[in-house]
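Colleague: Grabbed the feature section from TrEMBL, which reads as follows:
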TRANSMEM  6-22  transmembrane segment
TRANSMEM  43-63  transmembrane segment
TRANSMEM  75-94  transmembrane segment
TRANSMEM  106-123  transmembrane segment
TRANSMEM  129-150  transmembrane segment
TRANSMEM  171-190  transmembrane segment
TRANSMEM  202-221  transmembrane segment
TRANSMEM  286-307  transmembrane segment
TRANSMEM  319-338  transmembrane segment
TRANSMEM  358-374  transmembrane segment
TRANSMEM  395-412  transmembrane segment
TRANSMEM  418-434  transmembrane segment
Amino acid sequence: MEVFYTFVFGTMAALAAVLELTKSKDSAVESGSREFMRFRNNYVLVYALMMAGDWLQGPYVYALYQHYGFDRGDIGRLFIAGFGSSMIFGTIVGSMADKTGRKKAALTYVVTYTIGCFTKHWNVFWVLFVGRLFCGVATSLLYSAFESWLVAEHFKRGYDGSWLGNTFAKAVFLGNGLVAILAGLLAHALVEYGQLGPVAPFDAAAGVMLLGGALVALTWSENYGDNSERRSFGAQLKAAAQAIARDEKIALLGAMQSLFEGSMYTFVFLWTPALSPKGERLPHGMIFACFMVASMAGSALAGRLLANPAQYRVERYMQGVFALAAAALFVPVIFHTSNVAEALANDASPGISWEGKLQMAAFCVFEAAVGLFWPSMMKMRSQHVPEETRSTIINFFRIPLNLFVCVVLYNVSSFPLAAMFGMCALFLLVCALCQRRLEHVVHADKAEGGLADSNTALLIKAGGSVVPNPKLDFAHGKSELL
């Protein structure tokens with residue numbers, strides 16, 4: 001194996017360890033809230049188990065379909081089925097969490113993903129196709145129901161809103177970093193050393209998720225969004241659309257979510273051909289581990305930033321994160337234009353080229369940005385997305401995301417790598433502009449809330465009567481969390 005990959009992994013691992021181990025104690029510990037620590041650790045453990053189930057499958061989905069003898073076209077259709085299901089059925093099921101309960105939605109995730117795992121035992125296209133439909137539904141629930149439950153339960157128990165960022169950062173550090181690496185190693189061991197075949201990781205994933213489901217069933221209480229009105233699904237979607245139309249902050253958050261995640265999923269498809277322009281054999285497991293420790297470093301850094309909201313405002317530092325991510329994905333554009341790509345193809349030097357090393361470094365920077373993105377976006381959503389339609393709105397913005405990924409999957413071979421990476425870099429630049437606009441809107445809302453408080457104080461001092469304004473109360477309540 002190339003010494004370069006080992007060096008990158010060691011560097012990223014050391015950076016992640018330093019960032020995680022040297023940060024100050026979180027405010028919950030200093031305040032002596034042992035009850036909150038139990039609550040937080042329970043959520044982090046459940047989230048880590050659910051993500052472990054997802055990560056165990058990732059490295060072997062394509063390999064299993066190849067093992068069954070399906071060609072690239074059939075495999076592409078199976079992948080499109082998953083993203084299409086997440087776009088259509090996942091949006092419906094995920095949005096129902098606000099009305100029927102987030103705990104029920106979390107358990108539904110376990111059931112649907114477990115069914116999807118079991119279908120992998122059949123070498124029958126339509127059975128695998130149905131399994132991908134179930135997995136698509138589960139993916140929507142994974143990225144909406146658990147976050148919605150946490151935010152609602154956190155405030156229902158009366159915990160400080162500033163502690164949420166720490167919980168998100170720890171959950172992402174473990175669930176999208178350390179657990180991802182361990183899951184990849186376990187999946188590799190089951191297939192290569194255990195000689196159990198490419199379906200073994202899916203059985204292990206089902207077992208891990210069932211364990212997480214048991215924890216949810218035994219330790220979580222139920223919470224809802226707007227359950228009082230018993231609105232239909234159509235009314236729920238309408239309410240979410242109206243919230244997006246009324247509040248520019250929600251629209252900006254949704255645009256950034258769709259654009260960033262769309263770029264992230266496109267990167268997943270493109271990094272292999274980018275690093276092996278001549279079809280070189282790559283150590284995929286080691287490269288995956290490098291990406292994950294880079295993501296861990298990013299989430300550890302996010303934990304430090306979110307722990308000091310007075311010094312590091314999330315709306316401000318995320319502008320730099322998006323800009324850095326755009327610059328990182330522009331690097332392969334330079335090396336995969338027609339002239340440079342032809343020069344690389346004629347290069348007969350063994351091992352990874354210096355261009356490949358620069359791209360690998362850039363991709364690690366992008367993965368660090370991914371680690372920063374998740375807890376920071378979760379924190380912003382907890383501040384600005386209304387509680388009663390939280391799951392619905394999060395899934396609402398997964399519709400354009402999944403549509404975009406389906407289009408990319410269908411046409412991924414029709415465009416040169418430079419064009420695809422250039423598109424992703426442009427999307428990330430748009431994210432930076434949206435983030436800048438969000439900072440401006442949040443600042444304006446704070447100023448308006450401060451003016452309303454000043455006017456109220458003057459009225460009270462002068463003996464005047466004050467008529468409550470629900471809109472101002474809501475804006476002020478949100479500003480308390482910033």
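Every residue, even glycine, has its Cβ placed from backbone N, Cα and C.
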Colleague: Test of understanding: applying the rule of at least three C-beta pairs under 8 Å (pairs 6 or more apart in sequence), is the transmembrane segment (171-190) touching the transmembrane segment (129-150)?
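Modeller: With fewer than 3 qualifying Cβ pairs, these stretches do not touch.
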Colleague: For the transmembrane segment (202-221), which partner among 106-123, 358-374, 395-412 gives the most CB pairs under 8 Å?
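Modeller: Most contacts with the transmembrane segment (202-221): 106-123.
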Colleague: If you count Cβ pairs under 8 Å, which stretch among 286-307, 319-338, 395-412 touches the transmembrane segment (358-374) the most?
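Modeller: It is 286-307, which has the most Cβ pairs under 8 Å.
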Colleague: Apart from its near flanks, which chain residues at least 6 from the ends of the transmembrane segment (43-63) lie with a Cβ under 8 angstroms of it?
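Modeller: The answer is 75, 79, 106, 109-110, 113, 117, 139, 142, 146, 150, 167, 170-171, 174-176, 179-180, 182-184, 186-188, 191, 198, 201-202, 204-206, 208-209, 211-212, 215-216, 220, 284-285, 288.
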